[in-house]
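A.B. asks: Can you keep this structure in mind? I'll have questions shortly.
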Amino acid sequence: MLAIGDVILRAFNFVFLVIALGLTGSLAATTITQHNPQINFAVFAAAFGLLTSSFYGVFAYFVAAFAWPVILFVFDFLNFVFTFAAATAIAAGIRAHSCSNQDYLDDNNIAQGSSGRCRKAQASTAFLYFSTFIFIASAIFSAISLSKGGLFGHSSRPAPRTGVPTMSQV
């Protein structure tokens, strides 16, 4: 079973990732002439995060057999890496200029001359960074669970021998 704090983080992250997926999906769908690998990777990162963190993580909360700390930690770490890389790639692509500067918009591969696309790219960068920080917190929760319960959620320490004596002790 996952801690309730971990599930709350995953619920907030679900909202951020859905918004980021909508924004980046809109950017990918309205690309006019240029190829945008940054946007395509951001769509992948948001979809991968939704699938592995939100859906699998919440499923692991309700079905304890799927709450393997090693799997959750690997997913959280991969999601951290993917969302950080996607947010940084978009941020480097838009180069943080004003979306009202037409000279900048015309020369930018992501904005493609549209201030609306520029604002969508800036917003998707922000939401991907929000998700990145939540993935860091989720990875910390998973690492704590991994250190306490072992790779597959079972403690490596045997249960203490207390209670009623056995027949051989009588």
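Cβ coordinates are placed from backbone N, Cα and C, and glycine is handled just like the others.
Copied straight from Swiss-Prot:
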type     : residues : note
TOPO_DOM : 1-11     : topological domain 'Cytoplasmic'
DOMAIN   : 6-141    : domain 'MARVEL'
TRANSMEM : 12-32    : transmembrane segment
TOPO_DOM : 33-38    : topological domain 'Extracellular'
TRANSMEM : 39-61    : transmembrane segment
TOPO_DOM : 62-76    : topological domain 'Cytoplasmic'
TRANSMEM : 77-97    : transmembrane segment
TOPO_DOM : 98-125   : topological domain 'Extracellular'
TRANSMEM : 126-146  : transmembrane segment
TOPO_DOM : 147-170  : topological domain 'Cytoplasmic'
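Give me the structural setting of these features: burial, nearby parts and distances.
C.D. replies: Across the topological domain 'Cytoplasmic' (1-11), DSSP classifies residues as 8 helix, 0 strand, 3 coil.
Within its own chain, the transmembrane segment (12-32) is flanked in space by residues 39-40, 42-43, 46-47, 49-50, 53-54, 86, 90, 110, 112, 117, 120-121, 123-124, 127-128, 130-131, 134-135, 138, which lie at least six positions past its ends and keep a Cβ under 8 Å from the stretch.
Helix first, then strand, then coil: DSSP counts for the topological domain 'Extracellular' (33-38) stand at 2 helix, 0 strand, 4 coil.
Residues of the same chain lying 6 or more positions beyond the ends of the transmembrane segment (39-61) and with a Cβ under 8 Å from any Cβ of it are 1-2, 6-7, 10-11, 13-14, 17-18, 20-21, 24-25, 27-28, 31, 67-68, 71-72, 75-76, 78-79, 82-83, 85-87, 89-90, 110, 121, 124, 128, 131, 135, 138.
Sorting the topological domain 'Extracellular' (98-125) by DSSP state (H, G, I as helix; E, B as strand; all else coil) yields 17 helix, 0 strand, 11 coil.
Sequence-distant neighbours of the transmembrane segment (126-146) (same chain, 6+ residues past either end, Cβ-Cβ under 8 Å): 2-3, 5-6, 9-10, 12-13, 16-17, 19-20, 23, 42, 45-46, 49, 53, 57, 69-70, 72-73, 76-77, 79-80, 83-84, 86-87, 90, 153.
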A.B. asks: State the residues, same chain only, that lie 6 or more residues beyond the ends of the topological domain 'Cytoplasmic' (1-11) and have a CB under 8 A from a CB inside it; answer 'none' if no residue qualifies.
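C.D. replies: 53-54, 57-58, 60-61, 64, 67, 72, 134, 137-138, 141-142, 145.
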A.B. asks: So what pLDDT does the topological domain 'Cytoplasmic' (62-76) average out to?
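C.D. replies: It averages 83.
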A.B. asks: Using DSSP, what's the helix, strand and coil tally for the topological domain 'Cytoplasmic' (62-76)?
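C.D. replies: Secondary-structure breakdown of the topological domain 'Cytoplasmic' (62-76): 12 helix, 0 strand, 3 coil.
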